[in-house]
Amino acid sequence: MNHIQEAFLNTLKVERNFSEHTLKSYQDDLIQFNQFLEQEHLQLNTFEYRDARNYLSYLYLNHLKRTSVSRKISTLRTLYEYWMTLDENIINPFVHLVHPKKEKYLPQFSLEEEMEALFTTVEKDTSKNLRDRVILELLYATGIRVSELVNIKKQDIDFYANGVTVLGKGSKERFVPFGAYCRQSIENYLEHFKPIQSCNHDFLILNMKGEAITERGVRYVLNDIVKRTAGVSEIHPHKLRHTFATHLLNQGADLRTVQSLLGHVNLSTTGKYTHVSNQQLRKVYLNAHPRAKKENET
């Protein structure tokens, strides 16, 4: 990887506050692109539009999904946009490349019953459960990203206003409220989780050694909770974010409020959460439609 690509990744990390997971995706995209350059004996600074079209064909020949191809092309377009800010002689070969539209999908989310089962798993006040519960509570109660969670400092928690200040994408701060259950889990954690009482830093969420937890560590914790919970097959940080948004909208929250809570710049990004479960659809239908039920039915 050359110095331009390394500087590009560093800019995404420092200035745009991208998560480890997102940065890894960008890095993988660049590595694959570099393999193509080497294979075709091409150079980054002389790469042309026709080469970009050939690269698009190359990705299709590797049987990648449209979403993956779209992301990889977007990564390279953004790379060249960054490079153009440093060198006026650089031309973006991907700027006019028509790449496939992303496949539409409905975000996965957990049912309320599944969430209750997960919280039941970590309700006993062991040292590990104190930490695991605060992770689960914060992700579900606030809908924050895992990259935002691992960077929360103890001073970011406001018990007076019942909320937390997080640093989101683009280094933008936002305040997100939390409820009584989340507050209680944080208080219990701060009071009884021994590693946090003896650590020499301000990070809120720690591993069992008293070190600031990583994004990978959070995923490991959630996977472990799932293994201990009957009837729940999968949970990950972004699924909890989907669940947070879906449950709010299902209970009548307006889209603009959810947009603000999630830290989305565009309302269209939040719009993908407006799906509701079949159970919720049926409940609304039965309660709202005048001919949904006969008079003797309840």
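From the backbone N, Cα and C atoms, a Cβ is placed for every residue, glycine too.
Per Swiss-Prot, the features are:
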DOMAIN    1-84  domain 'Core-binding (CB)'
DOMAIN    105-286  domain 'Tyr recombinase'
ACT_SITE  Arg145  active site
ACT_SITE  Lys169  active site
ACT_SITE  His238  active site
ACT_SITE  Arg241  active site
ACT_SITE  His264  active site
ACT_SITE  Tyr273  active site, O-(3'-phospho-DNA)-tyrosine intermediate
* Asked: So which active-site residues are near His264 (active site), with CA atoms within 10 Å, out of Arg145, His238, Arg241?
  -> none
* **Which of Arg145, Lys169, His238, Arg241, His264, all active-site residues, has a Cβ with the fewest other Cβ atoms inside 10 Å** => His238
